[in-house]
Structure formats: C-alpha cells, structure tokens
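Data first, discussion second: the structure below is written as structure tokens.
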Amino acid sequence: MRQHASANKVLTARDWPLWERWFATAVLSGYKFISSLASSTMAPGIDAISKELEIHNPVVSTLTLTVYVLGYAVGPLLLGPASEIYGRKPVLTLSNIWYLVFNLACGFARSRDQMIAFRFLAGVGGSGPLALGGGVLSDCWNAEERTKALSLYTLPALLGPALGPIVGGLIVENLPWRWIFWVTSACSATIQLIGLVLLRETYAPVIRKRHNLKYQSALGAEVQSGDEKVTSKIASKLTTAVRLLCFEPTIQLVSLYGAFLYGLMYIAISSMTELWTRQYGESRSVSGLNYLSLGLGFAFGSQSDGQVFAAKDSDSMSSVDNGLIVVQVYRVLKTRNNNKGLPEFRLPMLGSCAVLVPPGLLIYGWTANAKLHWILPNLGVFIFAFGIVNGLQIINLYTVDCFTSVSASAVSAITVTRSIAGFLLPLPVPIMYQHLGYGWGNTLLALIGVFLGFPIPLILWWHSRRQRSMATSD
C-alpha cells in the first residue's frame, strides 16, 4: 500500500520549476511559429515555382500555397486523441518529424503533383503544435497562470504567416526557390532537436501511467489496448464534431463567419506579393516588407487595448479574453444580469470585427487600385487584420462558453471549417482581381463581410436567449 501511495505522488508538469514550464511553452511556441511561417513562406516564390514546374493555371499556382492549410483540417482530428493515449511529447515529436520530412521533400519536388502532395502532408504534420498547444498549456499552467503563457503561445502563430513572405522574399531574391523549404526545414530541425533532448512529457495521466508501471505490471494489458482507444477517441471526436456542424445552428453560424475571416487572411497572404511586385514594381525582398502591416494588425489585434486576460465565472469553465475592452463589456453585461455571466455577452465585441474588416478591405483595395502611396494600402491591411484577429478570438471564446462539455469537439468543428476556407477561398482570387481589379474585388469581399458580420452576432444573441427560454420552460 505504501508503494502504491508513493506511486500516486508523482510530479506532474504543474509541479515543475517555473523555468521549465516556461521552457516547455517556449519550445511549443517555436514549433508553432515554424509551422505557421511555413504556411506562407513560399508566397513570394510562387511565380518561380510555377515556371519551373510548368504550372500555367493561376488557380493551381495558388493551390500549391494553400493546400498546406488543408492539412491543418486533418491533423488535429488524429493527433489530439492520440496524445491522450501516448502522451504529448511522442505525438508532437512524430508530427514535427513528419512535417520536417515532407517540407524538405517540397524542395526536391519535380512536378506539380509532387509539390501539392508534399505541401499537404507537410501541413498535416505542421498541425501538431496547433492541435496539442492548448493541451500542453493546460498541463503546465493553472487557470490563473495560463494567461501569460497563452500570450507567448498565440503570438508566434499570428506573426508566422505575416513574416513568412518576408523571409521567402529575401530567399527568392538571392537563392533558388528550393531554399525556401530547406531553410525552414533547417530551422525546424534545430527546434526539434532542442525539444527532443530537453522537453519532457506534460500530460499528467501518461506521466502517472508510466510511473505506475514500475509498481503495477498488470497495466501492460492497458498499454497494449492503446490502439483501440485511439481509434475510439478519434471516431468519437469526429462523430461529435460532424454532429455539431450538421445540427447545431450556433456552430454553423460561427463556423461560417470564422471561415470567412480565416479565408480573408490567406487571401491577403496569397495575393499581396503580386500586388506589390506588379502594381507597384517592387522587388521580391522589398515587397515582402509590406507583410509587416499584416503582422502588426494581428499582433495589436490579439492584444487589443491591453494584454490578454483570463476571466473565470462560477458558471463557466473557461475563458480567455482577447483584451481589456472585451473584459469590460462582459463585466458590465454580467453585472446587469445579477452578476451571472452568459455566453452571448461575448457577442457585442464581435460587432467590432464587422466595423473594422469591411473598411479595411475598401481602403486596401481602392488605394492599391489607384496606385496611391504604399502606406495607404498597408493601413487598410492593418485595419482588417486587426479586425480578423478580434473576430476569430471572440468566436473561440463564445464557442467554448456555449459548449463547455464538448468544447474540444466544438473547437475542432470550427477549426476544420476555417482550414478548409483558408485552402479554398484564395484559389479564385487571382482571377477575381484580374477581372474586377483590387478596388471592386475588395468591395465584393467587404460586402460579404457586412452581410455576415452584422447579422450573425444578432442572430446568435437571439438564438441563445431563445434556447435558454425554451430550456427553462421545459
């Protein structure tokens, strides 16, 4: 009995020294940064890649870039459940090795089909840090401590897609395009080596299981049945996510708007190089610097009016607020409701996204169309990037608060739809800009943003109140 009791007194990740928990968070952030960087680094090299691989259709050229994001839709559905059986570190390590192999293979691609296949498979592996990030942070930090760790974890994912074209532009300007993939692979290998040697397992049940194996040989049977558990967990997660997407109006609405916002982000990433090189006559390396406006919009948007805050309510399991304004609006509405927080109290700030994104798109499109000073299109990009990040974060908060018991499946559902949108929406954009120009093309996108951005928060507010009223009457 003493042996068994001592076996249960195993140290988990939350018991580690502070420096080690920050180290684990930093390594995870490094993984996520490289993955998100790789999603956009090839943007300045699309023309060179298309020429060498004989890709003549602009839609297919864009496909070689965005198919990476499609991998983000597949990976989390497999990697998340697997990490709950085998642990975070083995799954994270294998997914990063998978990414490393196929990202490296992109640099050796000899045909269009090889490039598309390798990019998709690299995206599946690159989704590992995204799929496991929330779990690792939860393993290492309690609710009060998690806020600052979340800031370190989320910022690289926002900056990566914006900084990728800057890095890619410098590489394409001075080296063959294949070095885009080799350089990012070398950076990934460096971080992977650090994590492989120094990062420890963080998932408490797996830590305890490994510790208890020393005392309970009977656990060998449970370990052997792990594959069955993984299969059942994946099937359960897929079933729940699909059911929510098909039958839950709240998930359908937030998925629709979130997919549009995420698609806008990759529309900008895939099209800005062409704008600055052909419309403004800039070099590849100089054109990449314009992506800083996108990165700054993401960075300031994620920290809007203050640093990230965590707020916990007695009737809500979670939530992480994206800025001081969100916290204040939520608290005011909560106070007016007898100090009881409700999920729809997040929604007023979703309207800020509808206010920022369409004007930003219009400023970007029409100033670029008229070839006005470079600062003006970048100002428009900054404004709509700011709004996009606000919208995506508030959607996540609202979703988790609405579906506390199945939050992982709910977030998976909206993540899958976002990733599919990030893959599909940029594909027709070259043709759209070719026929409509940047002014009318962005006007079309802005109108869609207005059509979705203003009604959806109102519908969600009404639907939430109606559902609660029906539940009370029953």
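Please read every residue number as a count from 1 along the shown chain.
Cβ atoms here come from the backbone N, Cα and C positions, even for glycine.
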Checklist outcome for this item: When TrEMBL is consulted, the range among 24-46, 116-138 described as transmembrane segment turns out to be 116-138
Checklist entry - Between the transmembrane segment (250-269) and the transmembrane segment (179-199), do 3 or more CB pairs sit under 8 angstroms, pairs being 6 or more residues apart? => result no
Item to check | Range from 59-79, 91-109, 116-138, 250-269, 439-462 with the greatest count of C-beta pairs under 8 A to the transmembrane segment (379-398) | outcome: 250-269
Item to check | Stretch of maximal Cβ-Cβ contact with the transmembrane segment (250-269) [cut-off: under 8 Å; candidates 59-79, 91-109, 150-172, 439-462] | outcome: 439-462
